[in-house]
Amino acid sequence: MEEMSPDNIHGVILAVSSSIFIGSSFIIKKKGLKKAGVSGARAGEGGYGYLYEPWWWAGMITMIVGEIANFAAYAFAPAILVTPLGALSIIFSAVLAHFILEEKLHMFGILGCVLCVVGSTTIVLHAPHEQNIESVKQVWHLATEPGFLAYSAVVLVVVLALIFYYEPRYGKTHMIVYVGICSLMGSLTVMSVKAVAIAIKLTFSGMNQFKYFHAWIFIIVVTICCILQINYLNKALDNFNTAVISPVYYVMFTTFTILASMIMFKDWASQSGLQIATELCGFVTILSGTFLLHKTKDMGNSTSIRGSTSHSPRDTPVFVNSGSSRSSNSTRPSIL
């Protein structure tokens, strides 16, 4: 195992800090969405009343702080190192949901959190070093190679299909629609964020990168992708259980981001087969943790439900909302 470079260490510290803020923001924003749903149309029904809720704005500010830390992390470390550390935000989100939103976390959910930490640690210890990039034009060259252009085209086609065909028909009942849009666009966001972060880092070191139009194109891409992600993430949070959205979003987002980074930055080109296999094992460990978090999402409530009603909790599929009638101020959106 190679010793971690100073840049990778800086990236890890920033990424962990980011996870704390982002994981907390999910809970704070959901409190704002729930309060807004009491007095007006829910975000999942096209309402924007949450824009008047202080709780939602507090959550947004918390998320922005986390994203800034995450943004800075990409300037120092490769995406294959920074992105999987988002698993820590799942832990903070699930634990806070347990105490604040009363979305109970079962013992196996705790085990899932531990697996996420173990997997993240494995990836951190075996991650590749950051490439030596000396200009944003070098990043632009990587982004315009045929492989990444093909990936970007496929992502855009799928996202447009999800937005214009699947979202109106299945968005409120199938979480995969909202999360898919956020995850696919997120992979392009990360690649552009990394380009902008590198440009800022080089500019601060005395080499102005914003005199090149390439940097501004990356900024435009980041802006458009972030607006789309915020919109559809709000809809996902308003319609589905936070403790489920966080891990599923993480799994899909991380998978697509690692794939995009592998294609664009060729992160694994300098690593041995053993190192790559170890990183993949770490990622599978994280996936196992998120799976446990999802499958046990209702088990923490089973005892109280059996004690208060004759109906037993339902075993439910992964990505489907029952669409059953529910009050706008319900503590947990039901998943079917």
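Note that Cβ sites are derived from N, Cα and C of the backbone, with glycine treated the same way.
Annotated compositional bias 'Low complexity' per TrEMBL: 321-336, in sequence order. Annotated region 'Disordered' per TrEMBL: 303-336, in sequence order. For 12-28, 55-76, 82-101, 108-128, 148-166, 178-200, 212-232, 244-264, 276-293, the entry in TrEMBL reads transmembrane segment.
The stretch from 12-28, 55-76, 178-200, 244-264 that makes the most Cβ contacts under 8 Å with the transmembrane segment (276-293) is 244-264.
Taking pairs at least six residues apart, the transmembrane segment (12-28) and the transmembrane segment (212-232) share fewer than three Cβ pairs below 8 Å and do not count as touching. Within the same chain, the transmembrane segment (148-166) stays apart from the transmembrane segment (82-101): fewer than three Cβ pairs sit under 8 Å, each pair at least 6 residues apart. With respect to Cβ pairs under 8 Å, the transmembrane segment (55-76) is most closely packed against 178-200, considering the stretches 82-101, 178-200, 212-232, 244-264.
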